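K.L.:
I'd like to ask some things about the structure below.
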């Protein structure tokens, strides 16, 4: 068996590739490529392997789209391919293609304390289910369970469940967005574009015209306290993140913890800490006590997708995580 495997984390814009030490799981030699510069994922992989001159026979790539069979067509990119054909072309013994949040969930057993920031709750209960979700371009969701000394990721498209308002303000937001776009999923309010939707709905609810703002603009104005509407939007985003996380905790009894990934929350960490997130997480009526001790963690590891891709592959090859 070769010492290293190829791991990757591919989104709509960039492909990040690295080497994973098969014995230890350590990630090294990470490099990011612009997906727009290459005709296919296979082409990017060939460039990476040529640059690093390392013998690789196994690989695992996490991709931001549903993986339901051999044919993979990326949601936010033109790349499409057969897993079996790419494996053959590259001469690999193993090639795993997994959902990006499957990879993030598989990273959790590999994370150290310095990779996590806790938001309330007690200690996680060993062996109990885990939930992970995160807002970025969209809203990713996965669960993780431990069965017979193996970690099993339960992927899905939980970001597309219905947005479930639980206050008068949230109900007004739903009404405005539904009139605009029809079905309002959780992702429509818990993502970069979702933050814009919240801002626009807040302004329109007051019979005013919203500015043409980007997520970055809203966050910056909220943190500078220079725009009341932006601050309300960001506050509401945090609250809805809490409600959604609490729903995940209830659904599978995730006493192993609820983990937040994605690139949005770290941009306003102090604001998030002071927000109504945890109160909303526990705002479950008769089941408030049920979720009270469930810890929530923000993942601050630089490359959880690469780490989790490596963990998934190593477990597939027979290693115990």
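Each residue's number is its place along the chain shown, starting with 1.
Just so you know, glycine gets a Cβ as well, placed from its N, Cα and C.
The ATP binding site annotation in Swiss-Prot covers 8, 9, 10, 11, 12, 13 and rests on sequence analysis.
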K.L.:
Sequence gap of 6 or more, Cβ distance under 8 Å: name the residues on the same chain that satisfy this around residue 11 (ATP binding site), in order along the sequence.
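P.N.:
Residues satisfying the criterion: 35, 64, 76, 100, 137.
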K.L.:
Using the Cβ center of 8, 9, 10, 11, 12, 13 as the ATP site position, which other residues in that chain lie within 8 Å, going by their Cβ?
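P.N.:
Not counting the recorded site residues, we get 14, 15, 16, 35, 63, 64, 77, 100.
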K.L.:
How many neighbouring Cβ atoms, not counting its own, are there within 10 Å of the Cβ of residue 13 (ATP binding site)?
P.N.:
13
K.L.:
Where's the emptiest Cβ shell within 10 Å among the binding-site residues 8, 9, 12?
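P.N.:
Minimum Cβ neighbour count within 10 Å, taken over the binding-site residues 8, 9, 12, occurs at 12.
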